[in-house]
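One structure is given here, and the rest of the page talks about it.
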């Protein structure tokens, strides 16, 4: 084990996903020789714990990657665009959680349960898909393999932690303010009240595209095809922020080429890697954001036939957006690189 | 005006919808001669204000309807099943907000903007549709008239007030408890945490059907066809409770027979009765639950073409579930009865 241990960098260590990286690397006993925590100048000097030891966060510079074998990036697309090239130049392999390179033809976009074979094609960077896409494709791949998915209609219920630690703070403070009946809460992040409300715009800061879709919706539509390796899958998405701290929920409708029953889907998913079926309506058991938080699996329930078409299935898919939706998936990719 | 004033009863006056009945009757200057407020024995003796005057709530009995011309029912299906027959016997016409008679062949199920003509067919009771169905059909009828809707895939984001005043109270208290970091909050209504969570089960108390759907989902699927007067429309629904106090939001995907552009839909809906289009992505304007609360319109936005099929449209539909979703729609029916 000691021999295969590698020098590892975490870029964006102090963010919501950065913290998860450390917890997941610990719990999976990832063989770390040297750990280098990197962040913006603002966060440099902070201390973070890993395996009981304090590590100091360093400022990210183009020289940060010397001797680093694997660099986990989660600091946004512009940081990745700027620093991934330096990391590659230094001989690191990057697993990038941002959208910067996801749709580049020569960059593999990988969910280990779905397309592990694509990792081998990398040229220094492997892209980690968008959180809401990851959990959906994990749940849909086994169905696609058996019944071939023609079309997906997805509506999401996404947690605020997808917008970072500040978003969690804003939701909590605004919620307290509404409960207290106070007026004039000052928002920094969300364009509208998120407490006791739902916002059909993700990310909250970015412009809508000319076709009326948000970039999050386009990610689900485009990344799904690339990860599944099938450009014939048609996807339409509506992505919505809900006042939930952690875990994204998704209402997913699929139309298949071959008829598949709800019972068959349940059976298939029950034995599929990374999935836990929670589907016991008689006991009011179905996947819940609060139950998925802090856990690794993609939870699937409410599996039922769509009676509006001949060959359709409805599913409810829930997963921790910071874990399988981000840090865990990236660490799984890193494990396959070893 | 005085001559057409009628004796009016409100059954379930002390509930979430009952209170809205009074506010809407007031604001629309409904010509009330005598107002009779009825509720369970538990609520009898309470006072409620109407047009500045205190009214005492009386216990609902089979003799409550003597001299009553119009009875507005919103006290649940079992109360309606028991007492609507007495009201009819007393010569009242009932507008029933419960699900008791909605799918009966000889009971009109009416949304005034969609199928006002059906009111004439009543035999003493007109059913008010389910809240989540009403707002959807108001928004879809103009599209159906022009482009013929073949299929609807809807996912809902429903406010807790749909489950009554106690549900609002439970959401507020549980939210405060979670914010305070307290353990062991005792729920009376919801089977799982609703604070900072989403529950794919509506209503929270009723059993799932053998096909895996909830009764709320079946209502959307069945009532839509009846109100639109078109059994060829195929509907599949996933109904979800979100931690919102008031107003339901809906992500609706429609497939049409005739191609219709997003621009055409916007134009159509802009001039349709009961609809307000809020669709200005450049300024981050789209319908929001918090904005719709206390207002009468059905708000529609995020109107865009579904690129996964040849002829499809995605919409985001929001409306106050207690007003257009319940009390307002019923009062509009009552107005047409006059």
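From the backbone N, Cα and C atoms, a Cβ is placed for every residue, glycine too.
Note that the coordinates shown come from a computational prediction; the quantities given were computed from them, not determined experimentally.
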(request) Figure out which of B:321, B:329 sits with B:14, B:15, B:16, B:17, B:42, B:43, B:161, B:162 in the NADP(+) site per TrEMBL. (result) B:321
(request) Please tell me which one of the recorded positions listed here (B:16, B:131, B:161, B:248, B:321) sits closest to residue B:102 (phosphate binding site), measuring Cα to Cα? (result) B:131
(request) Please determine which of the recorded positions listed here (B:16, B:131) has the lowest count of neighbouring CB atoms within 10 Å. (result) B:16
(request) Look up residue B:42 (NADP(+) binding site) in the DSSP assignment and reduce it to helix, strand or coil. (result) helix
(message) Counting other Cβ atoms within 10 Å of each residue's Cβ, which of the binding-site residues B:14, B:158, B:161, B:321 comes out lowest?
(response) B:14
(message) To see if you understand the setup: which same-chain residues, six or more apart in sequence, place their Cβ under 8 Å from that of residue B:241 (substrate binding site)?
(response) B:158, B:160, B:162, B:163, B:190, B:194, B:198, B:199, B:200, B:201, B:202, B:204
(request) Can you check which residues sit near residue B:42 (NADP(+) binding site), meaning Cβ under 8 Å from its Cβ, same chain, 6 or more apart in sequence, and list them in order? (result) none
